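K.L.:
So Swiss-Prot has the following annotated:
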- 60-65, 94-98, 118-119, Lys131, Lys140, 158-161: NAD(+) binding site (BINDING)
- Glu173, His232, His249: Zn(2+) binding site (BINDING)
Amino acid sequence: MQVNVDLKENSYKVFIDEFKELTIKGNVAIITNPKVGGLWLEFLLKNLKCDKKFIISVPDGEEYKNLNTIEQILEQLFSSKCDRKTTLIALGGGVISDMTGFAASIFERGIDFINFPTTLLAQVDASVGGKTGVNNKFGKNLIGSFHQPKAVFCESEFLNTLPPREFSAGVAEAIKMAVMFDKKFFEFFENSTLKSSDEIAKMVQTCVKIKADVVVKDEKETGIRAVLNYGHTFAHVIERITDYKEFLHGEAVSIGINMANNLALRLGFLSKNEVFKISETLKKFNLPTTFKIPNADEFYELFFMDKKTQNSKIKFILANSIGEFKICTDIPKDVVIATLKDFE
């Protein structure tokens, strides 16, 4: 299956279970980590035709998604005499995709890159849409750029080697899209165990279609694309205060979704039954839904480091009902604090 991301001169296709062989003019640098490289690098190299192939291996983990690692990638590209005709390939999950895209956007003012997402989270979300970047001490993804890939190859085979915890983390991002945009898709998660390859393929296809549609409408996140950050305003603070070590990104998003839903309940948007249904669906896929906040006031202040915060107004993405979103920039501080205190 193919999904077209129609962005005029930046258009590209997402290929789902269609990869056989890839021919690229010029040199190729594959960016991966030791774990993924050990599993899938040989498979990619065997089916890749180009001039020269370079392998750049970076440490595995969100804590390495920073400018230091980008500097290492750039140094290896320069020392290998790569140029503007070089194509980067991201072979890995969301961290690899984000860093490869960012490196491609700034190396000699921009070169091509292709995504081979090997995690469910990357296939349903991170690899599509051109958001690239790294974290710093002030927060997550605060340094980055919009740089669209030339193609994305989502192979179900990659998911066969994914640890169960990583798989569940990807499901959280998929449920996020269902709650925001598609009630029937949410019912799919209520009724599915995601044990069959057909169900998994259906989930990936639906998510890619939703993501592509949103990106086409709002490539640079000036409007509706911000809705894809549902759960993330809370999740990014959780990741930061736990130093990116306690939760996988999708797990933090799952907790963030539940926190956002409790805020929506307090504001009268969601019913108790809807909050319960979403929470139980997340739990069904072994995802966490709660986190003990050390201090509600300090947690609240960290919202201001979120990229969506503008003019000192925190932008909250909430569910108005399952399948319908609401963007709020004027929620009183005391209402948010009261919600956070429920998690203290």
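From the backbone N, Cα and C atoms, a Cβ is placed for every residue, glycine too.
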K.L.:
Compare the Cα of His249 (Zn(2+) binding site) against each of the binding-site residues Asp60, Glu63, Gly94, Thr119, Phe158 and report the nearest.
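P.N.:
Comparing Cα positions, the candidate nearest His249 (Zn(2+) binding site) turns out to be Gly94.
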K.L.:
Could you state the whole-number distance in Å separating the C-alpha atoms of His232 (Zn(2+) binding site) and Thr161 (NAD(+) binding site)?
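P.N.:
Their Cα atoms are separated by 27 Å.
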K.L.:
Would you count the other C-beta atoms found within 10 angstroms of the C-beta of Thr161 (NAD(+) binding site) for me?
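P.N.:
13, counting other Cβ atoms within 10 Å of Thr161 (NAD(+) binding site).
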K.L.:
Given the binding-site residues Asp60, Glu63, Gly94, Ser97, Phe158, find the one whose Cα is closest in space to the Cα of Glu173 (Zn(2+) binding site).
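P.N.:
Sorting the binding-site residues by distance from Glu173 (Zn(2+) binding site), the top entry is Gly94.
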K.L.:
Same-chain residues six or more away whose CB lies under 8 A from the CB of Thr119 (NAD(+) binding site)?
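P.N.:
Result: Gly92, Gly93, Gly94, Phe158, Leu159, Leu162, Glu166, Ala169, Gly170.
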K.L.:
Cβ within 8 Å of the Zn(2+) site centroid (Glu173, His232, His249 excluded): which residues?
P.N.:
Leu121, Asp125, Ala172, Lys176, Gly231, Ala235, Gly250, Ala252, Val253, Gly256
K.L.:
Fewest neighbouring Cβ atoms within 10 Å: which of the binding-site residues Asp60, Glu63, Glu173?
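P.N.:
It is Glu63 that, of the binding-site residues Asp60, Glu63, Glu173, has the fewest other Cβ atoms within 10 Å.
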K.L.:
If you count, for each of the binding-site residues Ser97, His232, the other Cβ atoms lying within 10 Å of its Cβ, which residue has the minimum?
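P.N.:
If we count Cβ atoms within 10 Å for the binding-site residues Ser97, His232, the smallest count is at His232.
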K.L.:
Is it possible to get the count of other C-beta atoms within 10 angstroms of the C-beta of His249 (Zn(2+) binding site)?
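P.N.:
Summing over all protein chains shown, His249 (Zn(2+) binding site) has 26 other Cβ atoms within 10 Å.
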K.L.:
Under a three-state reduction of DSSP output, how is Glu63 (NAD(+) binding site) classified: helix, strand, or coil?
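P.N.:
Its secondary structure by DSSP: helix.
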